[in-house]
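Before any comments, here is the structure.
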């Protein structure tokens, strides 16, 4: 449905568009939703938005929560809090380090052991300074975590969710990748290779690169959705908006943290409110959101560039480069098999 919203894309890229989104009133979930018997995976779930979304899923009766986290100790602390409040749910802590392809592959392989998977929220992400390269892959860390490893985990999980779909269920399992409306304000170079643009240290800017990584993410999801029948697995992007009360900016200098805190006090959503956008994406929006960008409890347009011939060419080059980067797991074959089967 995002593909049909070109007329709204220009507005979303304006300051007024940002303010309109931030002050949109949340829509409550429909009454009667129960997740009894269901299994959900939430990455980056030991703090902030991921933790809040996990709690809200459990409040709806979720039977089994898998918390995908980087630190076992921190994951165990968060899980203990949830187990106290939800003693009848099974809460598991599994390690996934989004800087490591091996860790991502191991996490996906472990998911095959589950009897069912109904909901996946890929929330793990970062914004980091200074410019940092992941030694094992040679990629800049923002690109690695927010885009490449997230794309890899999506590709690996799609056939697993499809295979484990319950024949007695009227709904499809869903993967929602957490995006950002900063993609509306950031563009990549339209000519030449896409991924190497993130290897240019001299042009590094943490906020710009974060927005660009989320732009690539949305381009990727809009493409991979073409290979997946939404009746098998639904895939979309969910944007929580500017959110306060998270650890997202941990590690920043004290002065910058104070400035960020002032901006968040004025504009940011409380974390529990922002996390409801995740639940809206996986429980409410349904088939019309397949391959789309969800934000503010509705479906929003892609960035303006997506609707242009140059943007479509960019999307195709990005797709080809991503498949080449991830073909060590047979990414192209996995995706093509999804379309054929």
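Quick reminder: no glycine exception, Cβ is built from N, Cα and C everywhere.
What Swiss-Prot records for this protein:
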type     : residues                  : note
BINDING  : 49, 74, 97, 123, 210, 214 : NADP(+) binding site
ACT_SITE : 210                       : active site, proton donor
ACT_SITE : 214                       : active site, lowers pKa of active site Tyr
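Sequence features, as recorded in Swiss-Prot, placed on the structure.
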| residue | record | DSSP class |
| --- | --- | --- |
| 49 | NADP(+) binding site | helix |
| 74 | NADP(+) binding site | helix |
| 97 | NADP(+) binding site | coil |
| 123 | NADP(+) binding site | coil |
| 210 | NADP(+) binding site | helix |
**Asked** Here are some binding-site residues: 97, 123, 210, 214. Which one has the most Cβ atoms within 10 Å of its Cβ?
**Response** 214
**Asked** Counting only other Cβ atoms and using a 10 Å cut-off, which of the binding-site residues 49, 74 scores lowest?
**Response** 74
